[in-house]
């Protein structure tokens with residue numbers, strides 16, 4: 001039996017439930033906040049479960065559940081190692097660098113003065129991101145030294161571990177869009193353009209989804225990026241730049257509600273069939 005782990009039911013999760021029923025897959029919904037996780041014990045909520053699909057909005061909650069099920073010998077999509085690699089932008093960048101994949105110039109500083117020095121060395125504008133976050137939140141396009149100094153001071157005052165790590169990337173000029181590629185297992189199954197007049201193109205921030213031709217180059221780079229973080233079911237974000245395609249991010253609990261109609265691909269069905277193929 002397939003367990004779909006969740007902490008909030010979004011349209012994406014509803015689509016997964018509906019497709020599981022349509023495909024005739026035996027499944028159960030497991031609400032993670034109410035799941036007792038006692039090591040060495042399998043709770044009644046997991047009776048008969050042979051594989052799990054992790055769909056929690058909370059990264060820490062999903063990671064904890066994935067670790068627990070893995071300890072019980074239940075395969076989880078995605079594996080804890082993949083969640084860790086994708087959930088931390090610096091970890092993602094390091095994994096991509098180790099795999100030799102093209103990405104925007106990236107650096108991390110743990111000190112305000114070093115962060116300022118790196119921004120100056122990169123040249124303005126630069127992009128400052130939290131190492132943990134999604135939906136394009138808390139991203140800043142820093143246009144000059146005065147803005148950099150003010151932003152770094154604000155982050156220091158805010159406190160919190162993620163504001164003490166300064167993740168810095170070069171600003172990449174894009175053609176008003178980026179590319180999101182959906183990778184399931186060893187296959188890139190669909191891709192969309194995310195268009196926006198704003199430099200942040202996330203659909204959660206108002207970007208518009210359009211079908212993107214899944215070229216061999218796009219598919220090959222996306223699958224390699226997925227493999228770099230450990231594989232499974234991920235969404236790979238690509239930039240089109242003067243240097244060619246660059247991998248910007250890899251997302252481990254991808255949203256697809258705006259992409260099924262756009263691409264004509266049964267993304268939830270593909271995810272479910274892949275997860276079911278891993279049942280122990």
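Glycine is treated like the rest: Cβ placed from N, Cα and C.
According to Swiss-Prot, the ATP binding site annotation covers 89, 129, 133-139, 169-180, 194, 202. Summarising the annotation, Swiss-Prot assigns domain 'ATP-grasp' to 93-276 and lists sequence analysis as the type of evidence. Look at Swiss-Prot and you will find 237, 249 tagged as Mg(2+) 1 binding site, backed by similarity to another entry. Feature annotation from Swiss-Prot assigns Mg(2+) 2 binding site to 249, 251.
Taking Cβ-Cβ distances under 8 Å and a sequence gap of 6 or more within the same chain, the neighbours of residue 249 (Mg(2+) 1 binding site) are 89, 92, 236, 237. Around the Cβ of residue 137 (ATP binding site), the same chain contributes 130, each under 8 angstroms and 6 or more positions distant in sequence. Candidate binding-site residues: 178, 237. Fewest other C-beta atoms within 10 angstroms, 237.
For residue 172 (ATP binding site), applying a Cβ distance below 8 Å and a minimum sequence separation of six or more within one chain yields 104, 239, 241, 246, 248. Mean pLDDT, taken over the domain 'ATP-grasp' (93-276), works out to 91 on the 0 to 100 scale.
Residue 175 (ATP binding site) falls within neither a helix nor a strand when secondary structure is assigned with DSSP, and so counts as coil.
Taken residue by residue with DSSP, residue 137 (ATP binding site) is part of neither helix nor strand, so it is coil. The sparsest Cβ neighbourhood within 10 Å, among the listed binding-site residues (89, 169, 175, 194, 251), is found at 175. In sequence order, the binding-site residues near residue 251 (Mg(2+) 2 binding site) (Cα within 10 Å of its Cα) amount to none of 169, 175, 178, 194. Residue 249 (Mg(2+) 1 binding site) carries a strand DSSP state (E or B).
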